[in-house]
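Taken from TrEMBL, the feature domain 'Carbohydrate kinase FGGY N-terminal' covers 7-227. According to TrEMBL, the feature site 'Important for activity' maps to Asp11. Feature annotation from TrEMBL assigns substrate binding site to Gln72, His73. The feature active site, proton acceptor is assigned by TrEMBL to Asp228. Among the features that TrEMBL reports, domain 'Carbohydrate kinase FGGY C-terminal' is placed at 244-426.
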Amino acid sequence: MSQPRLVAGVDCSTQATKVVVCDAETGAVLREGRAPHPDGTQVDPAEWWKAWEIASDGLLDGVEAISIGGQQHGMVLLDEAGEVVHPAVLWNDTASADATVELVSELGGPGAWADAVGSVPVPSFTVTKLRWVSGAAPDAAARAAAVVLPHDWMTHRLAADRSGISGITTDRGDASGTGWWSPATNTYRPDLVERAFGRSLELPRVAGPAEIVGQTAGGAALAAGTGDNMAAALGLDLQPGDVAVSLGTSGTAFARSDSPTADPTGLVAGFADATGGYLPLVCTLNAARVMSATAQLLGMELAEFDEAALASSGSQGLVLLPFLDGERTPDLPHSTGLVYGLTRATMQPATMARAAVEGLLCGLADAVDALRAQGLPVHRVLLLGGGARSRAVQALAPALLGAEVILPEPAEYVALGAARQAAWALTGTDTPPTWQVPVGKPEPSTMTDAEAAKVRSLYSHVLTNTQPVLSTPYNR
Ligand SMILES: Nc1ncnc2c1ncn2[C@@H]1O[C@H](COP(=O)(O)OP(=O)(O)O)[C@@H](O)[C@H]1O
Ligand SMILES: O=C(CO)[C@@H](O)[C@H](O)COP(=O)(O)O
């Protein structure tokens with residue numbers, strides 16, 4: 001039997017770098033590695049490189065093509081020589097909250113941004129970080145010659161013949177999260193870079209979905225790479241009516257679409273996907289870490305926390321607004337978490353565990369509703385990301401999200417999607433290769449629709465009535 005052709009896919013995500021090496025024809029995962037990233041919302045890109053070296057150590061023998069999927073939006077500023085001039089400012093850094101308000105108003109409000117680039121910027125968007133850095137770190141800003149994204153930087157760093165900032169590429173998916181590239185017209189808006197930064201910067205060339213953009217020192221072809229959510233959509237092979245809900249560091253809900261979206265409310269970002277189409281997406285800042293932080297507070301391991309949330313006889317009116325790192329959707333960058341409904345009966349570890357899971361799922365239920373409001377069909381929800389391993393999440397999701405829940409077998413879908421892109425680039429076919437997505441059995445649903453409606457209604461009541469406090473910087 002002939003040896004399979006090998007491709008590697010990488011997820012350079014917020015918390016870790018993950019690498020899978022797959023059979024290019026079937027997608028079977030033959031080798032895997034991972035290495036953590038440091039905590040924090042501003043990170044030296046050299047840390048991603050270190051993590052890549054550790055995660056890929058010993059895995060790359062025979063690999064013919066590599067693709068990088070990366071956390072979206074992070075601002076990497078480079079000088080003429082290609083050196084990083086400021087720590088990368090990540091998607092979950094909210095320092096650019098004031099810059100965001102300025103920029104949204106300067107262009108004429110949310111509708112003007114939705115028309116220009118398909119999305120209304122929130123502090124996650126790279127364009128707001130450019131405005132922030134020009135005021136907060138003027139020396140670094142003065143040295144900057146180019147602005148790129150995490151996956152662009154990693155791809156360029158892997159290229160054997162890289163020189164300075166010339167030849168850097170990005171792709172449609174990741175470019176759509178900058179705030180200066182329009183998915184509808186497939187063009188840059190350099191005027192928006194100038195507006196944010198006060199002058200122009202070099203921008204990476206937007207490569208085609210199946211393009212080979214370079215070669216590694218080891219001789220492997222480099223695919224274009226993409227943003228992590230776009231890679232996950234490719235890894236899951238999302239179909240019309242499918243909505244992916246990912247519980248990683250961020251919580252995301254997204255669907256593929258044949259036409260661009262432009263939501264002037266700013267809830268749905270009108271991103272592009274990695275195949276030439278579109279990927280409307282809603283993102284929250286707080287997902288899996290709501291569970292780990294609450295578990296830590298309660299002195300429980302994750303498995304024990306999960307058991308407690310599952311066993312609890314409902315949250316009994318206890319509501320946890322999970323805005324532990326500020327929030328992006330709803331747009332409350334200065335907010336903190338909030339617990340409402342404490343009584344002697346509810347002030348119990350199990351009830352708190354339950355309220356944490358319900359709170360993060362209520363936020364994601366609002367996200368799925370925002371996609372519905374854009375006219376996107378929601379027939380099935382595919383749960384993924386580290387937090388989808390929680391049995392309590394699986395049991396409460398169908399009722400709270402209002403859809404059938406599918407649980408793809410736990411796997412690194414971002415890295416798998418990147419690997420599928422690498423296989424596509426390697427084989428040069430018209431469409432990506434067909435890879436199976438094995439499906440697991442989720443925990444049975446334990447919440448009725450009536451209970452879910454009550455929980456969502458109370459969550460929304462508490463959110464609406466505490467907005468004035470949550471939107472002020474007072475308490476952060
Ligand atoms: N069984 C579980 N229950 C709840 N959370 C979990 C479980 N397993 C992993 N996680 C969480 O998943 C997160 C990592 O998910 P991942 O999708 O890899 O995130 P990212 O892509 O942002 O790095 C961590 O915060 C981890 O605590
Ligand atoms: O900002 C977004 C999407 O717009 C996030 O989804 C980031 O892309 C980070 O993802 P994870 O590290 O949580 O996977």
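Just so you know, the numbers here start at 1 and follow the chain as drawn.
Cβ atoms here come from the backbone N, Cα and C positions, even for glycine.
Whatever TrEMBL says is automated annotation, not expert-curated.
Summarising the environment of Gln72 (substrate binding site), the number of other Cβ atoms within 10 Å of its Cβ, over all protein chains shown, is 29. Here the Cα atom of His73 (substrate binding site) is found 10 Å from that of the residue listed as 'active site, proton acceptor'. The predicted model assigns the domain 'Carbohydrate kinase FGGY C-terminal' (244-426) a mean pLDDT of 97.
Annotation for Asp228 (active site, proton acceptor): spatial neighbours Asp11, Cys12, Ser13, Gly69, Gly70, Gln71, Gln72, Val414, criterion Cβ-Cβ under 8 Å with sequence separation of six or more. Classification of the residue listed as 'active site, proton acceptor' by DSSP places it within a helix.
Of all Cβ atoms in the protein chains displayed, 29 besides its own lie within 10 Å of the Cβ of Asp11 (site 'Important for activity').
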